[in-house]
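First up is the structure itself, then whatever we jot down about it.
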Amino acid sequence: MKFELVFIPYPGIGHLRSTVEMAKLLVDRETRLSISVIILPFISEGEVGASDYIAALSASSNNRLRYEVISAVDQPTIEMTTIEIHMKNQEPKVRSTVAKLLEDYSSKPDSPKIAGFVLDMFCTSMVDVANEFGFPSYMFYTSSAGILSVTYHVQMLCDENKYDVSENDYADSEAVLNFPSLSRPYPVKCLPHALAANMWLPVFVNQARKFREMKGILVNTVAELEPYVLKFLSSSDTPPVYPVGPLLHLENQRDDSKDEKRLEIIRWLDQQPPSSVVFLCFGSMGGFGEEQVREIAIALERSGHRFLWSLRRASPNIFKELPGEFTNLEEVLPEGFFDRTKDIGKVIGWAPQVAVLANPAIGGFVTHCGWNSTLESLWFGVPTAAWPLYAEQKFNAFLMVEELGLAVEIRKYWRGEHLAGLPTATVTAEEIEKAIMCLMEQDSDVRKRVKDMSEKCHVALMDGGSSRTALQKFIEEVAKNIVSLDKEFEHVALK
């Protein structure tokens, strides 16, 4: 029996890419399965590469993996604080798209049965649409199992009126939270801003309640990476979790305008000794002001290590403008910096991160701790130094440094939040230099543990590996639910 899943990714380039990779993996593993991906209008205009990527997806549609692009006609420009409103506005469009899909299938013999919705972690309001059609909902969670478990626990504490974290003082709090899914007490001051801010906390608590309505949750993680968390989740009263990662976009993301830059960077790396270069890159939304840039430059020069630095100027409003290039680096960097470091360092703007991490010359990665970047570094066996900037990255830093021992810390506690516009404290050159020296130690325990975890990540995706097994269990569960749905419909019809 053929069956189909309807995927609804969050309208942002990073989430869309991850969802597409998940969909490709599923159809590759199960010949009876087809997938329709409904692409919603993006919240922010001008995301780098978004329009070209969506156009390429549309052109690649086939009978196993289709892309339904919802028009952005009359789409208002909105701020991040109205994500929930944006998703609610899309419900009628999703409803009509699915209804048309069902109508098309009803007129064609041997058409697949729709087996359910697979929703992005930020699209949980679409559960209501799935329920209207009588379809079960599953979720694709693009972050770690750890932050999923913490969100559940915060929601439970809020429902019991036991969560008393104050937005006004959490950054200076000495209190800790004992999350049952973590082996160590979690400092309140390390909470993601969204789990402390008055504006955001209700949004995430409501999301967590919706998470509990799912039939199952696909998580972009590896059983061997988060065993303590996954063991807890498997014994709790939450939906079953399927760790199917690492799910990475490792193909060349071709962009003709950047091909020459890519080649120049890779040629430079190819001339460096193995494991000798520290790579600094902070994601598409990571940038710094002039004072912080100078501190980084001083640290790099003092360390004496070879470096590749993806340097970008901080944006005054991240939702209206992504970080960009400095007009004149000579005016920003310490006087004579380029002359003194020309033989050991290279300062760039945009970076082909996957290609860089895959190069044997890279020996360490100073990162914002985005979950995709974290998984990429583990996949290529590159140890990291944690410099969280926004979203759940403070948690990821805690997980990698304190829980797992797979990263070195630059500083223990981080103030401010890029997305919320909260000022971040300047990290000193001394702190950065110390972390780089620790990161680049060739025989460190962290490096050995990262190499071991890299091997486990590769094995997880092989036949018989933990992630392959989890993926197969998910497919079997979806197929089993179709049979259950058919029996329910038959029972109703007999009545």
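Placement of Cβ uses the backbone N, Cα and C atoms for every residue, glycine included.
What Swiss-Prot lists as UDP-alpha-D-glucose binding site is Ser284, 351-353, 368-376, 390-393.
Known features from Swiss-Prot, placed on the structure.
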residue: Ser284; record: UDP-alpha-D-glucose binding site; Cβ neighbours (10 Å): 19
residue: Gln353; record: UDP-alpha-D-glucose binding site; Cβ neighbours (10 Å): 21
residue: Gly370; record: UDP-alpha-D-glucose binding site; Cβ neighbours (10 Å): 25
residue: Ser373; record: UDP-alpha-D-glucose binding site; Cβ neighbours (10 Å): 22
residue: Glu376; record: UDP-alpha-D-glucose binding site; Cβ neighbours (10 Å): 23
residue: Glu392; record: UDP-alpha-D-glucose binding site; Cβ neighbours (10 Å): 24
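Mapped onto three states, the DSSP output places Ser373 (UDP-alpha-D-glucose binding site) in helix.
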